[in-house]
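Got a structure for you, questions after.
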2 protein chains.
Amino acid sequence: MKVAKFGGSSVADSSMLGQVASIIEADQDRKFIVVSAPGKRYDDDVKVTDLFIQLGEQYDSGQNYEETLFKISQRFMSITEELELSKDIVARIENESRRLLRETTNTTHLMDALKAMGEDSLARILSAYLNKRGTKATYVNPKDAGVIVSSDPNGAQILEKSYEQIYRLREREGVVVIPGFFGYTETGILTAFPRGGSDISGSIIAAGVQAELYENFTDVSSVYCVNPKIVDQPKEIHTLTYKEMRELSYAGFSVFHDEALIPAFKKNIPVCIKNTNDPDCRGTMIVASKKDNGQPVVGIASDTGFSTIYVRKYLMNREIGFGQKLLSILAEENISFEHAPSGIDDMSVIIRTEDLKGDKEETLMNRIKNELQVDTVDVTHGLAMIMLVGEGMSNRLNVASKATKAFAEADVNIDMINQGSSEVSMMFGIYEENLNEAIKSLYQEFFLTD
Amino acid sequence: MKVAKFGGSSVADSSMLGQVASIIEADQDRKFIVVSAPGKRYDDDVKVTDLFIQLGEQYDSGQNYEETLFKISQRFMSITEELELSKDIVARIENESRRLLRETTNTTHLMDALKAMGEDSLARILSAYLNKRGTKATYVNPKDAGVIVSSDPNGAQILEKSYEQIYRLREREGVVVIPGFFGYTETGILTAFPRGGSDISGSIIAAGVQAELYENFTDVSSVYCVNPKIVDQPKEIHTLTYKEMRELSYAGFSVFHDEALIPAFKKNIPVCIKNTNDPDCRGTMIVASKKDNGQPVVGIASDTGFSTIYVRKYLMNREIGFGQKLLSILAEENISFEHAPSGIDDMSVIIRTEDLKGDKEETLMNRIKNELQVDTVDVTHGLAMIMLVGEGMSNRLNVASKATKAFAEADVNIDMINQGSSEVSMMFGIYEENLNEAIKSLYQEFFLTD
C-alpha cells in the first residue's frame, strides 16, 4: 500500500485533477491520497489558501469580504463544472465559510478553520470525481482518520496515539482521500500544521498505515544535485538518505521542508519525490540507508544572506567563558548563530543578516563592545554558505582536498570552513558575488570529473 | 642600544658564562644584560631555581633544609671559583637565604624572594666577572632599575609608569646587568613573574630603554618552521611577525611563551632569538611587519592531547541559545574550549584532554545529557591539532587546497577544519597516530614544493 500526496500545483485546475486521477488509477497500491488546496495556475494567480486567509483578515478587520468569498466560489465552481460534478460542493463551501465567520469567536481557530477549507473542499471534489470515473473512493476527514495533534502554539505536533487509529484506515474499501494541512486537538478543535503542512499530513498517514512507500507528487521530476538556477540541467539525485535530505534542506534545497518527512522517517517509510506531469520518471527516493556508490558528495546546497560578527580580544583564549558570554548576548537578542569558528584571540559568529534588521546590529555591536571589553568588533555582510552533503564523505580522504581545489580553480577565496561536527557535510563561507562561480566549479569537480 | 637576555642553559656553568661575556664584549651596543638563574648542565641536573623552591618548601614544612642550602652554595661556589671571583658572593647567598627564612612571615613573599635569589646572585656574579675581564659593568637590582609591578595574585604585571624610570638606565656608564624574573610592588615587596619570567624582564627592559633590538639568547639557533622532532633538520624561520609568533606559540612552538614578548611588542622593539653557542648565526627575527615574500605559510605548529565532545540534538538549529548553554556548562566546570564547530543538529567542542581529569569527564557528560536534553553526547580522545600559520595566507587562494591535498597524500583523514576567524592561521584536527605523517606531508607541500 502506498500513500500519494499531491501538492498545490498538482491540483490547481480540472485538467491537473484529471492527471491526478489517472496517476491514482494507474497503480492499485495508491490507496491513500492526501491533497493540498488548489495552487497557482499561472504566475500571477492567487492560491486558494491565500484567498481564505484574505477572507478571514477582511472579516476580522470589519472590511467587506463578499468579493473574496465570491472569488473562492468561482475558483471551485470552474473546477466542479469542468469535471461535471454536483454544484452542492461549491454551495457547501460558501455556507460553511459563512457559518465559520458567524460562529467562531477565537481568531486563531477561525483562521485555521478557513485555511483548511481549501484542502478539505479539494479532497471532497477529488473523491467525487474518482467515483464518477468509476474508481471507488471515500473522502475521510482528518478527525475521522485519527489525526490528533497537540495544541502547541508553536505549531501542531502529531500525537503518537494517532497512529493506531490511522492504521485502521487500511480496512476501508477503495481509495481513501484525506485533506492535508490540518488535524484536530483532543478537544476537537481544528488545528493547522505550519504552511506547507500537507507534506506533514501525507507523512503522518504514511507512517500510520505503515505504507510501503510515500509518494510526494510535486512539479519537479527529481531533486537536483545542485541549484538548477546556477548550473544548467544539473544531474538528478536518484537516491538520498534521510540524513542527507535534512542537511540539504537546511541550505537552499526547497523541494520541501525536511521536517515534514519526520513522521515517515521515524517509521522507516521510504519517500519518493515524483512529478505529477511526468509520473513515469523515476524521481528521487529518500531512504534510511543506501549502498556506497563511490560518490562522496550527493548534493551541493547553497544560500545567501549571511553576516559575520568578528570579535578580537587579546588573551581571549585564557578567558574561560568568553565564548559562552558572546553567545549568551546573541541568545538574549534572540539571534540564532549558524557557526562560530574561533582562533586564539578571536572568534567569529556567523548569523543570518535578516536577524540584524533595524537597530539590532547597533545594539549587538554595543553590547559586545561594552559587556565583553573586546579590542575589536566588526560585522561583515554579504556572505554565502555552501554545503557539500553526502554520507560517503565520512570515509573518503580527499573530499576537502577536491573541494578546496575547486574553489582555488574558480579564483574564489574561502572565508570560512566548518568541518568537524557533522560527518555527512562540510560547510564553506564565501562572498556572495563569488557564489555562482564557486558552485559551478564544485559541480565540475564532484559531478563531472571522475 | 640592545638588550640581551641569557636563559638558564646559557648561564649554567663557568664556561658558559665565559661565552656570555665574550658575546657581550663582541658588540658595544649590548649595554643591558638580563640573566636567568643557572639551569641544567646535563640531563639529570637540577636547576638552581628548583633548589631554592625545595629550600622554601622544606622550611615551610619544618624539614631539615641544610643539605639543600649546601647544594645551592656548592653550585655557586664552583662558578665563582672557576671564574676566580671573590667568595663573598657565595657567602652572601647563604646569609641572605637564612635571613629571608628567619624574617619573612608571608609564605608567598618568602617563596618569591627565595626563587629570585638565583637570578639575583647570577647577575652579581656576571657583573663582577665582566669587571674582572676589564669590561665596566654594574649590577642593578630591579627595584633600582624601576621594575614596578602589580600585586595581582594571578601574576605580576608591569606598571606603565615603570618605563619612564627604566629609560633612565640609559644614563648609566658601561654594561648594566639586571637579574630577570622579578620586580617590586609599589609598597616594595619582591614579586616574581610567572615561571620563565626572565624573558618578561628582558622584554620590559627593552621596552623601557627603547632598545633598537631585544636579543633573546637561548640554546637553539633559530625557530624552525616545523617541529624538528618530526621532520629532520627542517628549514629555519628567519623572520616572523609578532602575530605569527603568537599563533605559533599557542600550539607546540615552545621556544618561549609569546606573552613574555608583549612589553617589547607594544613598543615595537624587534626581537631576535639567538644561540649562545653559535652567536654568529643570524637567528630568528620577530618583527611588527614584514614584506610578503610569496610564502603563504611560515610555520606549522602541532600539539597533541585534545578531546572532542560531540553533542547531537534533533532541531538544535532552531533552539536559540543552545550553543551558549553548552559553553556555559564548560565555563562552570572551569574548562576552556579551543574550537566549537557546529552542524545543523550537532555541535562539537574541542578541549584539552587534561581538563577532563578525574571524574570531570563523567560530570560533564551527565550535565550535558541532563541539562540540555540532547539525543547523543560522546567524547573522543586522542586528537592532535595542527596549525598552519602565516600572514601571507590571507590573500592567497590555494592554501586550503594545498593543505588538504597534503593530508590526502599522507592518507590522513581530517577530523576537523577550523578556518574563518584568524586571517593568519588555519587549524586542522586529526587523530594523534597520524600526526607525524601529516606534518611531514604538509612540510613537503609548503616548504619543499615550489
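Yeah, the Cβs are placed from backbone N, Cα and C, and that goes for glycine too.
Note that TrEMBL annotation is computational and uncurated.
So TrEMBL says this about it:
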type	residues	note
BINDING	A:K5, A:F6, A:G7, A:G8, A:T218, A:D219, A:Y224	ATP binding site
BINDING	A:T49, A:E119	substrate binding site
DOMAIN	A:388-450	domain 'ACT'
Taking only same-chain residues 6+ apart in sequence, whose CB is under 8 Å from that of A:D219 (ATP binding site), what do you get?
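In sequence order, A:G7, A:S9, A:S10, A:N275, A:T276, A:N277 meet the Cβ cut-off.
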Long-range neighbours only, meaning 6 or more apart in sequence with Cβ under 8 Å: which ones does A:T49 (substrate binding site) have?
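Sequence-distant Cβ neighbours: A:G8, A:A37, A:K115, A:G118.
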May I ask you to report the DSSP-based helix, strand or coil state of A:G7 (ATP binding site)?
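Reduced to three states, the DSSP call for A:G7 (ATP binding site) is coil.
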Quick check on the domain 'ACT' (A:388-450): DSSP residue counts for helix, strand, coil, in that order please.
31 helix, 13 strand, 19 coil
Going by DSSP, is A:D219 (ATP binding site) sitting in a helix, a strand, or coil?
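DSSP assigns A:D219 (ATP binding site) to coil.
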What mean pLDDT score does the domain 'ACT' (A:388-450) have in the model?
88
Among the binding-site residues A:F6, A:Y224, point out the residue whose Cβ has the most other Cβ atoms within 10 Å, with all shown protein chains included in the count.
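When each Cβ's neighbours within 10 Å are tallied, A:F6 leads.
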Using C-alpha atoms only, work out the spacing between A:E119 (substrate binding site) and A:F6 (ATP binding site) and round it to an integer in Å.
11
In terms of DSSP three-state secondary structure, what is the assignment for A:Y224 (ATP binding site)?
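It is in a strand.
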Test of understanding: give the count of other CB atoms lying within 10 angstroms of the CB of A:K5 (ATP binding site).
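Result for A:K5 (ATP binding site): 29 other Cβ atoms within 10 Å.
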When you look at A:K5, A:F6, A:G7, A:G8, A:T218, A:D219, A:Y224, which the record names as binding ATP, what is the longest CA to CA distance in angstrom?
21
Take the Cβ of A:G7 (ATP binding site) and count every other Cβ within 10 Å, whichever protein chain it belongs to.
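The Cβ of A:G7 (ATP binding site) has 23 Cβ neighbours within 10 Å.
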